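Trainee: This is the structure, below, for whatever I ask next.
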Amino acid sequence: MLADVAAASTEVAASSARLVKIERIATLLARSAAEDDTQAVAVIVSWLSGELPQRQIGVGWAALRTLPPPAATPSLTVDDVDDRLSTIKAVAGKGSQATRAGLVHELFSAATDPEQKFLRHLLSGELRQGALAGVMADAVAKAAGLPAAEIRRAAMLAGNLPAVAAAAVTGGRAALADFRLRVGRPVGPMLAQTATSVDDALQRLGGTAVLEAKLDGARVQIHRSGCDVSIYTRSLDDVTHRLPEVVEATLALPATELIADAEAIALRPDGRPHLFQVTAARFGRKDPGDLGPLSVFFFDLLHVDGRDLLDLPTEERFGALDALVRQDQRVDRLVTTDTVAAQEFLERTLAAGHEGVMAKSPHAAYEAGRRGAGWLKVKPVHTLDLVVLAVEWGSGRRQGKLSNIHLGARDPDSSGFVMLGKTFKGMTDAMLEWQTQRFLELADGPTDGYVVHLRPEQVVEIAFDGVQRSSRYPAGMALRFVRVLRYRDDKSPAEADTVETVRRFYERD
């Protein structure tokens, strides 16, 4: 029942103890397995991970702002809600927005108050309860009675923990045999931790690192079997039909079968990268014909002609890649033990218009779907002093705290502020306590709604990775990957950074 999931979500969010979270989720999964409901197991894992199996269903916060009166008693099952969400996603054509709104109203009319709260947080992307991938994998293992390492390995190779959970909890160890590296089935990409500098990276990697240019493009995973090529994004969406140049480049390689990591990027005639949005536009179009070409640069090889390379060290995988792909189609690379040489490589990469560098251990295996210690990213940190324009009430562990802040830059022309994004990243518990009290004092209107609007008086220093084009905000720009560093009580709003300062970052990016 949906009521059971909502109750479990509340309990998981209320606890900071990892073992308590694992036990509560495992109990819920085991109950669904006992009812032989494989679909429900997969859906529950998705939901409690804060995700929808349908990914996006075309329902924004506006449709969730005003809800119908809740039902008195629970009646919705997990499968019923999942089917309804699939129906909402499938709505298209003229009048689709109104149709979706009607279907959302019907769904919420059938939900009790706790169920409505759960669904609203889930659909708005605000279900933050501390049930991260590691916790969820351990909960699946406990429910299935299997070692967590087996669940993680299967999820790594499947790129899909919900599917692994459904198989393991209902079918046991034998059901995991199907989850192996397979051409045509994407795996979760290996992710990088962050290093503060190339010197920090070298030290953490034991003194020797393989440095790579970190291109500001779109990461893709490429699968080839004979003449068939499939291309997936880092979130495992199939974008093959949107990237014909990548298909062509892959078919030109001297291999029959392969799985490779690569970066697709739009380059200017002089070889410098276009703005990230130019590359990203290709991933949002069904017909790429009216947009510029993309280049592809390979940087890792997971499988080639019947041979799995996942568990091999970096240097061996790169050796296999070098034997397969021409140098001008590979990401620039330097193996070094020298901090000066590493810093020069970083500076050359930045001067060429790229994001920074990746530093990789020559001995690390490919940890698919994990943020491994063998990969470190080094990028310059940009900071801005902005003004908090509004703030949202939190959920889960942040229930009762003002959490997600709306950020604005100063606009000298209008003597006001222009919104550039939102963030709840980087906030400590002490900071949440402080800002809740502070922002209630600055409230400019009611404080019982989801969003509390503020008098623009509080300056905050934030770090960000870049600026991208956005139609969501009046300035046409949005900050990327924003984190709070500290509140600047020593600065007045008149000292906040201007829209023009942000625009210079945008033009440079």
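Cβ atoms are placed via backbone N, Cα and C, with glycine included.
Per Swiss-Prot, the features are:
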BINDING   Glu212, Arg219, Arg234, Glu263, Phe299, Arg371, Lys377  ATP binding site
ACT_SITE  Lys214  active site, N6-AMP-lysine intermediate
Trainee: Looking only at Cβ atoms, how many others are within 10 Å of the one on Arg219 (ATP binding site)?
Mentor: 17
Trainee: Based on DSSP, name the secondary structure state of Glu263 (ATP binding site): helix, strand or coil.
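Mentor: For Glu263 (ATP binding site) - judged by DSSP and reduced to three states - the answer is strand.
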Trainee: Roughly how many Å lie between the Cα atoms of Arg234 (ATP binding site) and Lys214 (active site, N6-AMP-lysine intermediate), rounded to a whole value?
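Mentor: Taking the Cα atoms only, Arg234 (ATP binding site) lies 15 Å from Lys214 (active site, N6-AMP-lysine intermediate).
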Trainee: Name, in the order they occur in the sequence, the residues of the same chain whose CB lies under 8 A from the CB of Glu212 (ATP binding site) and which sit 6 or more residues away.
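Mentor: Those within reach of Glu212 (ATP binding site), by Cβ under 8 Å and sequence separation of 6 or more, are Phe299, Val331, Asp332, Arg333, Val357, Met358, Lys360.
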Trainee: Taking just the CA atoms, what is the gap between Arg371 (ATP binding site) and the residue listed as 'active site, N6-AMP-lysine intermediate' in Å?
Mentor: 16
Trainee: Among the binding-site residues Arg234, Lys377, which residue has its Cβ surrounded by the fewest other Cβ atoms within 10 Å?
Mentor: Arg234
Trainee: Including all protein chains shown, what's the count of other C-beta atoms within 10 A of the C-beta of Glu263 (ATP binding site)?
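Mentor: There are 22 of them.
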Trainee: Could you tell me which of these recorded positions, Lys214, Arg371, has the fewest other Cβ atoms within 10 Å of its Cβ?
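Mentor: With the recorded positions Lys214, Arg371, fewest surrounding Cβ atoms within 10 Å: Arg371.
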Trainee: Taking the residues Glu212, Arg219, Arg234, Glu263, Phe299, Arg371, Lys377, which the record names as binding ATP, find the longest CA to CA distance and state it in Å to the nearest whole number.
Mentor: 18
